[in-house]
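Reading through the structure tokens given below for one structure.
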Amino acid sequence: MASTTSRSARPARRNNKAASTTPLLWMAFALLVVVLDQFFKIVIVRTFTYGESRPVTGFFNLVLVYNKGAAFSFLADAGGWQRWFFTGLGIVVGAFIVWLLYRHTGQRLFCFAVSLILGGAVGNVIDRVVYGHVVDFLDFYVRNYHWPAFNVADCAITVGAVLLIVDELRRVRRH
């Protein structure tokens, strides 16, 4: 009598490279985002005067502006308390993301997304601590309408947030 082994009796094989990733890998990626963000901010701060704008294309300028608030200058004129509020919020969010990275190491897209958010949050926290505001320098526009200036950290946060939505939609679709 031939021995048959049912599929359920065999140990599950893991052929998933994502399982081998570690939180340190994702944190290193976040650190790369921070380094790129801070590098470009330092270059802009050293070569531009406040408010200076240099055209790059017909829809993009490099500028040097400061944001004491959050996205779209939310609470920028709130009197100063917002610097420490957003600094504290960035630190809390960063700590939460590190915890998430330890809990979900096998979820590559999720970890990639939150690593981008972590790097962006840390980049902007550094600005708030060092300068008292966030340094923004990317200015996209169409005719006379200018999108609020932003930076590499903001790009990372935005792309990370979009990827989190994509990851969640993929997860919901599977179930």
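Each Cβ is built from the backbone N, Cα and C atoms, and glycine gets one as well.
Features of the protein shown, as given by Swiss-Prot:
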- Asp136: active site (ACT_SITE)
- Asp154: active site (ACT_SITE)
- 25-45: transmembrane segment (TRANSMEM)
- 56-76: transmembrane segment (TRANSMEM)
- 81-101: transmembrane segment (TRANSMEM)
- 110-130: transmembrane segment (TRANSMEM)
- 146-166: transmembrane segment (TRANSMEM)
C-alpha of Asp136 (active site) to C-alpha of Asp154 (active site): distance in Å? 9
Using a cut-off of under 8 Å between C-beta atoms, tell me which stretch among 25-45, 81-101, 146-166 contacts the transmembrane segment (110-130) the most. 146-166
Per the Cβ under 8 Å criterion, with at least 6 residues separating them from its ends, the transmembrane segment (81-101) contacts 23, 26-27, 68-70, 75, 110-111, 114-115, 117-118, 121-122, 124-125, 128-129, 132-133
